[in-house]
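Have a look at the structure below before the remarks.
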């Protein structure tokens, strides 16, 4: 990035030039003039503070993450008793050769995928529902959604922990009111499948509002004429949704789904706090697993290797997201 | 606004189906709102009533004792003060630095613009958890471990990209013609920005600041890892209610209320404004 910075600074100013020879990002759209003049040095000067800060706070740690994962780095290296030595791919072969790691990967992917699908489907259903309810119901739903969206994650976790408490949790009581159900004193966290389901419920509860509100904003942009036309052509509600609404919302949906994947793959405090800071092996997701390796076992390099593998796993998803965001960035 | 369009579209024949939708809507309201309600409900119940295996939907004896108890646990005001300091400083730096960068990518055509945009978007995608190990080691080396300044530095990693991207959304919404008109009238480029664009941008900047503040305030992992027990922030303070003797749920809910209510109110205030910036830029930390 710094190389680009120095080279571009030397490009002569493209003042009032509709076809900047220096090459704006859009050679194909000469009519669309983004800048109102000024040299190429100006934007870089404006960007400089931001890029410098990011390079320091993000660039350096990222590089360190990569180097760490190729080193042996534990307690002695942390305190400076021993120099960190390069161990090549050892950390990766260790991690990848560990069956435990693959269990964690599968668990994380299943967890994230289910959470994302649930979030997206529920979000879409509620967004569509908001279009059909009366004004006062809409206001009520919006208040509840914004309140749960704004809830600090740690507070939300705390509330769920309380609601799912085995002895005094309101949920066991509520469920036991149903005929034929008695879950009094049931501990939801003894079985990790149930426990992770509770955690997923918490994640989805916190994530749905953002999806609903963004999709609602998108839905207002779907032209009513198009829906009417489709209806006149004999399309049912599902047909209209499938062939008119969905294609128009697709960019927003892709963006939301990608963000959800990133957030749900990165779920950490939800598991960490729910399990009192010591998640059991069958509760480990990639994030907590990496944390455990680094700070519980004090093997910082293996922790880094796992973190790096997580990032790589996400990269594929990010590529899709990037394309979408660039499109949005271009529509101005 | 959408409520009125919905009302005009209502025909008498649809009244019946609307009732069904409304009932479904109320179900969504109750489900989504219940956890928040249960926090408030428990916060105002006497402790003995809170741990009743047969819970009541309303507090029978309304009390503020839980709040008193919560204030005694851990270092409440200290942790609030630290959270405030960190969040405010991070937002100030983020807005100052981020505004310049947002201007650059939204108002200038220059070589490398796309790369910058990709870079800023990409760094948002790096999970915080992945960075915790090198950040911990870095701060350790710099002697910034367990210091507010260290925490501020690390929070910039997620506040800055977010700020740039949302401010960009707000700047794009200010027509460029306004600036050009001011320049025709004799303003310099900087003058045109300060007199014309900046005032129009103010609401967006306020919304972005508040939103950034909330993100910094809510951060948990870095606060847990990089600060010792004596310097914990508000989110970590909440864990003080759980000891080996068990969890004090009623005071804990009072503590949660004290932490959440101001944030939720702030959030309510800027939420609408942010929806505009979010649909243009879409970020949530």
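Glycine residues also receive a Cβ, built from the backbone N, Cα and C atoms like all the rest.
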Range annotated as transmembrane segment in TrEMBL, from A:41-63, A:64-86:
A:41-63
Can you identify, from A:4-26, A:142-164, the stretch that TrEMBL calls transmembrane segment?
A:142-164
What else in the chain is close to the transmembrane segment (A:300-322), if you only count residues 6 or more beyond its ends and a Cβ gap under 8 Å?
65-66, 68-74, 77-78, 87, 91-92, 94-96, 101, 105, 254-255, 258-259, 261-262, 265, 286-287, 289-294
Given the transmembrane segment (A:142-164), which of the listed stretches A:109-130, A:196-219, A:240-263 has the most Cβ pairs that are under 8 Å apart from it?
A:196-219
So what's near the transmembrane segment (A:196-219) in sequence-distant terms, Cβ-Cβ under 8 Å and 6+ beyond its ends?
107, 111, 114-115, 118-120, 122-124, 126-128, 130-131, 145-146, 148-149, 151, 153, 156-157, 160, 164, 188-189, 245, 248-249, 252-253, 256, 260, 263-264, 267, 270-271, 274, 283
